[in-house]
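A.B. asks: I'd like to ask you about the structure that follows.
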Amino acid sequence: MTLTEEPRLTGRPALPEEPAVAPHEPIWKLMLRKYMKNKLAVIGAVLLFLIIGAAIFAPWLAPKDPSQQVLLDKLAPPGKDYPLGADNLGRDTLSRLLFGARISLLVGFASVAGSIFIGTVVGAVAGYYGGKLDAVLMRFVDAVISFPSLFLLITLVTIFEPSIMTLIGIFAIFGWTGTARLVRGEFLSLRKSEFVLAARTLGIRNGRIIFSHILPNALGPIIVSATLGVGGVILGEAALSYLGLGIQPPTPSWGNMLQSAQNPQIMLGAWWYPLFPGLMILTTVLAFNFVGDGLRDAFDPKIED
Amino acid sequence: MAIPLLFIITIISFAMMRMAPGDPTALMMDPMIKQENLTAYKESYGLNDNVVVQYGRWLGNMVQGNFGESLIRQGVPVKDLILARLPNTLLLMLVSTIIAFLISIPLGVYSATRRNSKTDYAITFISFLGIATPSFWIGLMLIMVLSVHLGWFPIGGVANIGEPFSIWDRLHHLILPAFVLATADMAGLTRYSRSSMLDVLRQDYIRTAKANGFRERTVIFRHGLRNALIPIITIFGLMLPSFIGGSVIIESVFAWPGIGLLFMDAAFQRDYPVIMAVVVIAAALVVIGNLLADILYAVFDPRIEY
């Protein structure tokens with residue numbers, strides 16, 4: 001440590017004092033400052049905070065049991081008893097939305113964790129080793145991208161019986177290609193850099209170079225793509241649940257709440273019932289996208305603050 | 001790339017079907033059926049053969065345009081089911097592509113030429129909203145407001161039942177689903193047109209044109225837009241997979257009898273031949289779309305040579 005901090009030991013004259021305008025600032029502080037300047041990103045972070053909090057504390061926040069049916073209160077309008085109304089079986093919409101947030105976030109985070117893992121491994125191996133291995137892996141990525149994935153997704157769901165676990169697995173299997181391309185790009189540009197050559201010269205194993213030397217440099221873009229990915233999975237889960245192939249009732253999910261709302265009779269009398277689950281999906285995905293964009297700018301050293 | 005990809009897709013979808021625990025015979029048969037009758041029934045559909053033999057037979061038939069018979073609707077060739085539905089899906093996709101381009105490109109170009117103005121910010125914000133909104137929910141909201149409450153549009157289907165064919169009736173049914181399918185890609189397309197136009201406006205020839213005293217409108221439309229359109233055309237090929245996927249959802253929302261709805265019914269009933277045929281056709285459409293985008297690119301950009 002001391003060696004690198006003593007420029008005189010290299011034989012050159014001491015460096016002039018750094019100008020006062022650029023004080024040494026930890027990198028995370030610089031990023032935080034850049035992030036806080038982006039208003040939409042801050043709004044997104046606040047929203048996300050609230051939604052995650054609502055999901056975690058759903059059992060305490062929910063005014064009612066989400067699966068308790070009060071048939072007399074079928075399609076009750078928003079009011080004192082039911083802040084956001086009741087559904088066609090007399091269940092409290094607000095409570096179901098809160099518990100639905102748990103499902104959406106769980107599926108979103110878990111499957112993105114899986115797809116980030118697959119994508120990082122494939123991208124790192126392809127980018128680090130290059131050559132034929134790279135070509136084969138990237139052709140495979142091209143093939144997966146051009147699959148009509150929704151059709152295969154639906155086919156898989158009907159085969160494996162929809163459950164939270166199968167949904168997470170299926171979204172992980174189809175979601176990794178973007179990350180793989182991204183990580184590969186980072187590795188391609190870094191594999192010939194001096195610190196990698198130095199590590200190689202020291203005889204460090206490839207696996208270690210990949211994971212502890214190069215990967216930390218690619219962490220920014222990976223986090224950004226993960227953030228945007230969660231929003232995408234939440235949209236996908238909602239669509240599958242709406243089609244009846246995702247989360248199965250009585251477990252509440254924003255998507256399957258919309259499925260039972262599609263009925264002209266309900267739509268005529270109870271506008272609140274199809275409205276709120278959609279607004280929740282929209283807000284959550286928007287929050288993830290704002291945060292992702294904010295992080296992208298904060299991580300990008302080319303963008304001045 | 002295209003043909004091997006199709007081949008891989010057929011293998012994967014075939015393998016998936018065989019892994020399925022659900023058996024169509026279990027769904028449709030009388031539970032009291034005798035074992036020998038069941039075996040004979042399976043035999044008549046070739047379900048007792050080796051998997052590789054079954055795949056080979058199916059692939060051989062498919063190349064000749066024969067997708068076999070539906071397991072659920074006995075005796076009906078899959079080809080007939082698909083041919084009956086395909087025109088509806090293609091019509092929906094064609095009209096919504098036109099809508100998406102007609103709305104997105106002007107918006108994108110406009111916000112590029114008025115960069116950092118209030119309108120530009122508003123368009124960008126609406127695009128953000130569009131990306132985050134599930135298209136099926138937009139469909140539900142439009143049905144609720146425009147169809148159920150105001151009664152301006154039918155709530156679903158392709159035409160009024162029991163009425164003679166009329167273009168107006170068909171259009172009336174088509175507008176909402178086509179618009180909603182278009183929204184899925186409109187936001188991305190607007191952003192893309194905007195950045196494409198911005199790239200072009202930075203070029204030297206635009207500055208030259210302006211220096212030569214051409215009016216701004218001439219510069220934007222004659223010199224700028226033409227060049228900005230080239231990359232926008234190629235994105236059409238990339239949009240196709242999401243369009244085809246979106247059609248499954250939108251057709252379900254609007255009860256639009258296309259292959260998306262056919263696929264959903266088949267998926268719920270485990271009608272293997274229908275499912276596989278639709279997957280292969282969807283894959284083929286994606287491949288054709290990419291090919292088309294390449295061709296269009298070459299046609300519109302004289303700098304590209306093959």
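Glycine is treated like the rest: Cβ placed from N, Cα and C.
Annotation comment: TrEMBL describes A:101-292 as domain 'ABC transmembrane type-1'. The transmembrane segment feature in TrEMBL is assigned to A:40-62, A:103-129, A:136-157, A:163-183, A:214-235, A:271-292.
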A.B. asks: With pairs restricted to those 6 or more apart in sequence, evaluate whether the transmembrane segment (A:163-183) and the transmembrane segment (A:103-129) have 3+ C-beta pairs under 8 Å.
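C.D. replies: These two segments touch.
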A.B. asks: As a test: from A:40-62, A:103-129, A:136-157, A:271-292, pick the stretch that has the greatest number of Cβ pairs under 8 Å with the transmembrane segment (A:214-235).
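C.D. replies: Per the Cβ count, the answer is A:103-129.
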A.B. asks: For the transmembrane segment (A:271-292), which stretch among A:40-62, A:103-129, A:136-157 has the most Cβ pairs under 8 A?
C.D. replies: A:40-62
